[in-house]
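What Swiss-Prot records for this protein is below:
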type	residues	note
CARBOHYD	N35	N-linked glycosylation site
TRANSMEM	69-89	transmembrane segment
TRANSMEM	107-127	transmembrane segment
TRANSMEM	157-177	transmembrane segment
TRANSMEM	241-261	transmembrane segment
TRANSMEM	278-298	transmembrane segment
TRANSMEM	329-349	transmembrane segment
TRANSMEM	375-395	transmembrane segment
TRANSMEM	406-426	transmembrane segment
TRANSMEM	443-463	transmembrane segment
Amino acid sequence: MIELGQSYSTIQAMTKQKPLKSLRQRVKENQTPPNRSQNHLGILRPSFSQHSRERKMLHSTSWLDGLRGISATCVVVHHCTLQWFGWHIHEPWFPGQSFLKLPVIRLLISGSPHVYIFFVISGYSLSYKPLKLSRQGRFDEAASVLSSSIFRRHARLFVPTTIVTFFCAIMTQLNWYGKAEHMPGVAVPAWEPPHLDNIWAQLNNFAWNELLFMDPVGRTVAKGDPGEQVKQLHNPYDYVLWTLPVEFNSSMVLLMFLMAFSRVESRARMAFCLAMAVLFQCFFIYWALFLFFSGMLICDLRLELGEALSTRAPSKDTRSWSKHLFVRAIGVGCFVLSLCALSTPHLAFGGREAPGFVTLASMIPERFGDQLLMPIAAIGLVLTLDHHPFLQVLFTNSFAQYMGRISFALFLVHGPLLNTLGHALGRRFIALIGGDTEERYLVAISLTAMVFWLMTILLADFVYQYVDLASVQVSKWAYQRLLRTEEQPGKYEWKSR
């Protein structure tokens, strides 16, 4: 990410090297002068249509971005199904029922499994650079990275959230939110934030709720049933944001652990990390911390194996094609097994009687509910992908990488859009086409989904470019400006770029 100060100095250098050409010179060289209207409208262009931008090079962990993008897409689909269909499509599969309920396929309309995947990815991503620097003996640099991450983490998560939910408060005053009575029979009625008498009361209510939502200390740690977390941690202006306080608290605990153990011998650190993960899950059912620490452990294991391979003498791979095929078969088997375990129906809604899951569900203690098998399956999925690069191609394609880039913005905007545009379109298409038969209803919802997804992708892309990236750049800039030099330990040195 280019910092603001660095980009300014780069522009200065460019202008010194190549003086600006006059309009006459540009016309002579058949260069059309810039169009002001095009410049102003340029901010509305989605990032994928800007052909001048070079394609981002893939790196060793790019598949994590793609996996995050696919999971974010499935979460949006899940929330759409809750507002456009009844609970029946999320029930366990039984012979003769819809194919959408089948294992693996049901992940396309599920929500909880992808939340677990998000948290494993977050643990891996936050740990990767500090662990890599620590293993290289660059402890000061690792400490600097951790310090920067801790400083910027709250702003990284909550500044874009505050900006988006501010517009939710405005939309509430404009009566853009739908009412539950217009869509009967759906699993979750349309959500409407608190509606106050005037704009000033609305903004005051928004400000207080936002401050409570961003509380870095008083929020409860994710424990037990995620359904209870939704009730305790949700933002009144967007109920899907309940995972952000969980993400913040879990990331702070992980970063504190990394800071404490960055200088510890690698295998000892891995042993402590494993012990902490087991303790969090088995004794306290802190499933979010379990997932974050497991993500860190997977990352540390990958770096450990990389070091072991680098110390070996170079030799030709003499394995036969049958051994290669066997290794790939193991990878595919673990991948499919992880997806099947992630597809476990909610035990409280008939999952213990679902075909194929009866024996497995009977082995899970009651106290864990759904917070044992699916988290372990999410860990298994990331672990499998990390050690079988041939499977990573599923998440390094252009679509997955693009969805990964806009995943946080997509997460922020889809809830408000679903409860305003998605709800209104659903009512109007049903009124136009009819919802008296299943076929008519599906046609109406399909048209609704097409328009909703188009607008959601465009808005998410806009928020990604001008809110998400900007908040990252500003937080980095602020951190750099507040740093003090080691030569003057008692005075703050304001850095000029």
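Quick reminder: no glycine exception, Cβ is built from N, Cα and C everywhere.
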Do the transmembrane segment (107-127) and the transmembrane segment (69-89) come together with 3 or more C-beta pairs under 8 Å, pairs six or more apart in sequence?
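The transmembrane segment (69-89) and the transmembrane segment (107-127): touching, yes.
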Sort out the residues at least 6 away from either end of the transmembrane segment (241-261), same chain, that have Cβ-Cβ distances under 8 Å to it, and list them.
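Counting only partners 6 or more residues beyond its ends, the transmembrane segment (241-261) has Cβ contacts under 8 Å with 115, 118-119, 122-123, 126-127, 130-131, 143, 146, 149-150, 153-154, 157-158, 161, 165, 213, 215-216, 219, 221-222, 229-230, 232-235, 269, 272-273, 276, 288-289, 291-293, 296, 412, 415.
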Is the number of Cβ-Cβ pairs under 8 Å between the transmembrane segment (375-395) and the transmembrane segment (157-177) three or more, considering only pairs separated by 6 or more positions?
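Per Cβ check, the transmembrane segment (375-395) does not touch the transmembrane segment (157-177).
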Do any residues of this chain, six or more beyond the ends of the transmembrane segment (278-298), have a C-beta under 8 angstroms from a C-beta of it, and if so which?
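Non-local partners: 116, 119-127, 131, 221-224, 226, 246-247, 249-251, 253-254, 257-258, 270, 367-368, 371-372, 375, 378-379, 382-383, 386.
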Which stretch, 69-89, 157-177, 443-463, tops the Cβ pairs under 8 Å count with the transmembrane segment (406-426)?
443-463
